[in-house]
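What Swiss-Prot says about this protein:
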BINDING   THR49, CYS50, ASN51, ARG52, SER109, GLU114, PRO115, GLN116, GLN120  substrate binding site
ACT_SITE  CYS50  active site, nucleophile
SITE      HIS99  site 'Important for activity'
BINDING   GLY189, ALA190, GLY191, GLU192, MET193, CYS194  NADP(+) binding site
Amino acid sequence: MNIIVVGLSHKTATVEIREKVAFAPTQMEKPLHALVSLPDITEAVIVSTCNRVEIYATTRDIAGGVARLKRFLADYHNISLETLEPHLYSYHGEAATRHVFRVASSLDSMVVGEPQILGQIKTSYGYAAEYKSSGIILNRFLHKAFSVAKRVRTETKIASSAVSVAFAAVELAKKIFGDLSDKTVMLIGAGEMCELAAKHFINTGVRGVMVTNRTFERAVKLAEEFDGKAVNYEELFDHLHKADIVLSSTGAPHFIIGPKNVEEVIRRRKMKPMFFIDIAVPRDIDPKVNDVENIYLYTVDDLNGVVATNLEQRNKEAEKAEAIVEQEIGQFFKWLSSLEVTPTIVALRSKFDEIRRAELAKTLANWKELPPDAEKRLEALTSAIMNKLLHQPTSVLKRAEQGNRNDLYIDALRNLFELETTRPEVEELGELEE
């Protein structure tokens with residue numbers, strides 16, 4: 001069985017492309033069930049964040065599985081595959097494992113070391129577990145990814161020198177306005193990114209924070225944490241003119257702020273400049289807003305410029321993290337290979353031993369008088385012959401296991417000898433590692 005990855009990220013696709021293939025976190029049941037209904041796709045997990053959309057799956061047919069996942073992404077979102085394919089990447093085997101371990105460890109993030117991606121993958125895995133689209137392989141695979149990320153976080157200082165996307169947004173605001181002590185911030189959304197942004201804005205000494213959210217109680221809760229003010233979502237445009245900086249991160253499927261809204265707001269501000277940061281995918285703010293005078297709109301892609309200057313220390317820590325990833329890849333593949341190889345070897349030996357015992361029993365039944373130790377000697381002789389015969393195929397299978405080339409041999413043996421194998425039980429892992 002092979003692990004495959006198909007997806008796109010901020011490295012291969014603009015926000016305009018990414019938002020077209022984003023999956024709503026509250027509507028994962030349908031696409032997950034559709035994925036595991038595809039031919040040869042046995043398990044699947046969808047990871048959909050601001051900066052990436054990826055599908056992790058298991059299949060016996062690598063080329064066919066990758067093609068089906070690409071077609072699924074295009075068809076599910078009503079996009080032509082010709083439009084989407086240039087932005088897609090795919091991995092299988094060791095490369096897929098390396099990619100997911102690196103993603104979970106934030107080594108592939110826009111901001112290396114940011115902690116949000118691990119939580120996002122855990123949430124994605126939670127949906128797959130809830131809707132039963134993940135199984136023995138992806139369960140173990142993602143728990144391994146979580147433990148790799150934990151090792152990276154505890155054994156390196158990669159997180160200590162990292163800046164999150166939310167922090168990058170604050171840094172961008174400082175570049176636009178300079179001193180933020182007389183500025184008021186409006187947060188649209190009350191999720192993790194807005195909470196992080198609120199912390200960073202408060203630390204820079206902004207004058208005040210307003211929070212609005214479709215669920216007013218969540219807005220109140222976040223606002224209270226920072227001595228801010230909660231605003232009813234329906235009254236957003238009654239209060240927007242009071243904000244100098246607006247950061248939006250909701251899960252809305254369409255624009256919630258357009259140019260006409262902003263034209264009215266800027267008039268009420270007597271043309272005082274406003275800074276909008278849209279870190280939602282799909283985007284919350286119509287890009288035409290940027291055409292309004294004295295309005296400055298930035299998206300998640302614009303944050304690349306803020307975070308492009310990686311510190312030397314972070315790069316050194318990233319090298320340590322990469323070494324951890326490489327070490328863990330080998331350990332995971334040893335387990336994955338044994339999942340197929342060990343039961344096959346056991347089944348092969350069992351089949352041969354069954355035949356040996358049956359034939360030996362027939363032979364002994366036809367001999368009326370035997371020396372006292374004859375049965376014991378014949379037992380040893382036939383066992384030795386069987387072991388000699390099985391030594392070479394067993395050795396080849398074990399060598400193939402180490403080289404990750406075992407599927408061909410396993411399938412051949414199962415077909416030639418009509419083997420029935422049962423995978424070994426894998427211990428159920430409890431709570432997700434923090």
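Start at 1 and count along the chain as shown; that gives each residue its number.
Including glycine, each Cβ sits where the backbone N, Cα and C put it.
Fewest other C-beta atoms within 10 Å: among the binding-site residues PRO115, GLY189, that description fits PRO115. Taking Cβ-Cβ distances under 8 Å and a sequence gap of 6 or more within the same chain, the neighbours of CYS194 (NADP(+) binding site) are ALA166, LEU187, ILE188, VAL211, LEU222, LEU247, SER249. Annotation for ALA190 (NADP(+) binding site): spatial neighbours VAL211, ASN213, THR215, ARG218, ALA219, LYS221, LEU222, criterion Cβ-Cβ under 8 Å with sequence separation of six or more. Checked against HIS99 (site 'Important for activity'), the binding-site residues THR49, SER109, PRO115, GLN120, GLY191 differ in C-alpha distance, with SER109 being the nearest. Comparing GLU192 (NADP(+) binding site) with GLN120 (substrate binding site), their Cα atoms are 10 Å apart once rounded. In sequence order, LEU187, GLU195, LEU196, ALA197, LEU222, SER249 are the residues of the same chain, not among GLY189, ALA190, GLY191, GLU192, MET193, CYS194, whose CB sits within 8 A of the CB centroid for the NADP(+) site. For SER109 (substrate binding site), the count of additional Cβ atoms within 10 Å of its Cβ stands at 24 [all protein chains shown]. GLN120 (substrate binding site) counts 20 other C-beta atoms within 10 Å of its own C-beta, drawing on all protein chains shown. Sequence-distant neighbours of THR49 (substrate binding site) (same chain, 6+ residues apart, CB-CB distance under 8 A): GLN116, ILE117, GLN120, VAL281. Closest to PRO115 (substrate binding site) in space, going by CA atoms and restricting to the recorded positions CYS50, GLY189, GLY191, MET193, is MET193.
Taken residue by residue with DSSP, GLU192 (NADP(+) binding site) is part of a helix. Considering only the recorded positions CYS50, ASN51, SER109, the residue whose Cα is spatially closest to the Cα of GLY191 (NADP(+) binding site) is CYS50. For the substrate site, the Cβ centre of THR49, CYS50, ASN51, ARG52, SER109, GLU114, PRO115, GLN116, GLN120 serves as reference, and the other residues of the chain with Cβ at most 8 Å from it are SER106, MET110, ILE117, VAL165. On a Cα basis, the residue listed as 'active site, nucleophile' lies 11 Å away from SER109 (substrate binding site). Comparing CYS50 (active site, nucleophile) with GLY189 (NADP(+) binding site), their Cα atoms are 14 Å apart once rounded.
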